[in-house]
């Protein structure tokens, strides 16, 4: 296929259906027995190529992948075409048509693409238009064979054609064979290589019968598109089959219709209420989120039955992908070309000034091509965008020059400066959902308007500022038609500057030792309109080897910059316009706009300065994070997850940035604590980017030194460097390491002088700035991050004026994170995957853990599909799996979740839901019911406790050892879907003072973060003995008991945390533990006193055994003594299995069984159990059992009282 697809890119040419059928289906000269349909693509084939490169007869062995180019380009710039191989593509069948191209024609048309021919029906199905550019790639048909296909006949005639009437009418027909297609229909599908794509309709033409039959593809498995073979399971369903009522798609369709109606109503309301404030918008978002969660929960309840989908009744679980494979049709038409005029028609339309509403423009997705979707003259970083209706109402042409004036400063400032910008205005398609009567300005243009900081923050939140800005139309000169430069059209009333001086704005990403001449030269290739104090931004991206050599001439000597500061990284560098000189015009108020033309203007870069920067400029510059350069934009938006904490930090920092209204003689210091990986550093970076201040980030491990004087010098050096680039948010990661000293590392609790060091350094810096008239007045915001407050001394903590804690995400926050992570992934949501349930099962997972979970699930899904396809054909590759498409199933996520929970639980003791059911617990029926009343009732009916009556969340299980206390606690957690945190008393005891109490606090903190959760304290008597009776002189155990009691009292406020304790000796426990409100529900787990209960225990323990037919468990139980515990019965079952092992091994050694019998499953016989019973010794003697009965009477009486 090399010769046929050597060009890869082709142009679409659409033919009328009748003409297409006549040429390429019925009367094709290429192949008299062709199977072409209206949905076949005809590819040109030049006979003049070397025949050895391509054999036309092999086309019957191939399909092709069709990839549509989403960006419009000129045919003269074919090199700009980019093919992304790891995306889902459309699988289509094809045929060839012979063409004859001479060498001369080839030489003249090197830049022209060959055309592939499709029918009008095919163009509608594939959403293709004339002159669309597509990429074609062949794939062998055998690699796309599906394992299962489910078809719904659209009419009875189609069903009769494909089904087997004789079998379906038989009374002995199984439900499986009833839905299988007949062999004639199967053979027709295989011989003609019919393509199936879910959930599309398919029309099968039978030329022999001169009929067509129509079907809807309900499912393709495991790929989302492919063909069938003789081994494929093909299911056919009648249109009037009752089984269709079980499909959840009906409910989904109704919900979608309701959602569409609601969306239409919301759009109408939005059009009528353009001036609503932001608080109302936030309330609506919260309400929508809550409604969405409620609908998700309702859907989960409804799908308890609906989840038994169609194929559950036929063969085995399938995938319903009706909601996941629908491709979004991007509107790439030229709907707004009516208002895209030629430059010669641009000019002033009206001299009236208009008050306008402005908002900050969000980053435009990379799928939108500026040149074709907006205009080739559009400057993304400067020009404004509006809706087409707004452009009409302003009586403007697309690309008109306008002046926007900030009229609020006239009232607030005494200097009466008028801050204004001159930019172009463009309209864009409705894909960005721009509101009418609003001008959307990029961050740089908003910043250069010198908006007061209060409105600056509003705009950074994408709010709309009304009636504070004035729009004035500008008259522009007519460009030279013979000049190819598109930037000749500029306003005529702005003079050209003779000289401009710019200075580099100091921050951590820019260096005074590095030259940015190449980047600046590239920036000023276009003419610019600038005024004094404007900000310009460039990227340090290196485009060629010459720039790389020049950029490496000198290195930055800063040893504390993070690793992002290398020469090959793509950071943004900001420059400020300091001085503009012009002979024709005198700059009186410093706000005159000038034209900067590199041919006549001298551009000088000199010195450095301090300034704020535009809000969210990095994500805007890199267009939302799809570029590799914007690494942080691929993160989950933590400002929406931790909304309250984010707002608190912004409110604390804002007064320090309002220098004209507030003046402080101290620094803003903020301590941020939370578990590692929760997102502390990321959240602070988001704060800085929104507020328009620089970030200076340092890892304190680089500052630490065993020599105190050197460590102090490192701290001073970092603080001085950060203060030189203000306004700066200094982030000191792992701050607790600076508290360590040589003595503290040896467990000697000696406080460091860190707080005094910080006080002295900041005092020196502030005194130096105060005495220096030329020093900048911007603030230095000091923030530190720690993983635990326990690592800091009280003296250091008191130095910080504010403390903020980031806890692990709760259930609702995890739901938001998972929704964000899965929004662009092909996940089987609603059928096998529930985001709501997944958010419940990922308790204690952090943002990084959830991201890793989704990544692992995608890999597991790819492995699953790859293994299935390779069983049928081992030539398929992962990239071809991507092209065909596949779904991430619930099993893939469950496997990844189990792996991660296993690792987390073993490494950090994170809670997880166990896998123990009631079937694993034999007997104990009365205890089960009492426990479920205590735990399950407040979970399922929380409204019953809304009146203020406290719930009873503490249970104490006591009794002889081996009676199933731990197993029962795990079963409770499993049945109630609770996370289970098992704690053994001796594990919490530590030899150092205060460490044992700290361990108890951490256990309860983990449980709160992982709620709903059960904390199970095993061997509780070793952790909480009676106070005053301990032998330790230091009173360690007394303090431990007091800490435990304090935590138990605090549990009454947490409605979803339950405490279960287990002990063999309740008489040794501190009596305060068993008062009401703590462990006030005492349950005795004793030895079974009836043979029926013993039988249930043994039955539960052997339910996974391969028992012989002669095994009678009741007879086994009759031979057992009455003082056997659950652990004794476990030993009995284990000994019986061991006896069977010994018998098998002995027979194998003696040659009594052959190899085939050795590989058979191990079977346990009656004699194995009898032998185990005869050798069993009870673990609890009769005297001990009598003692436990006395204890039961004592504490059961106390419990009743």
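Here the Cβ of each residue, glycine as well, is placed from N, Cα and C on the backbone.
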Looking at the candidate ranges 139-192, 193-246, 247-300, report the one that Swiss-Prot labels region 'Disordered'. 247-300
Looking only at 960, 962, 964, the binding-site residues on record, which one has the least crowded Cβ, with the fewest other Cβ atoms within 10 Å? 962
Given the binding-site residues 963, 966, which one is most crowded in terms of C-beta atoms within 10 angstroms? 963
Would you mind ranking the binding-site residues 959, 961 by how many other Cβ atoms sit within 10 Å of each Cβ and giving me the lowest? 961
Are there any residues at least 6 positions away along the chain from residue 965 (ATP binding site) with a Cβ closer than 8 Å to its Cβ? List them or say none. 957, 958, 959, 1018, 1062, 1085
Excluding 959, 960, 961, 962, 963, 964, 965, 966 themselves, the ATP site's Cβ centre has within 8 Å the residues 957, 1062, 1064, 1085, 1125, 1126, 1127
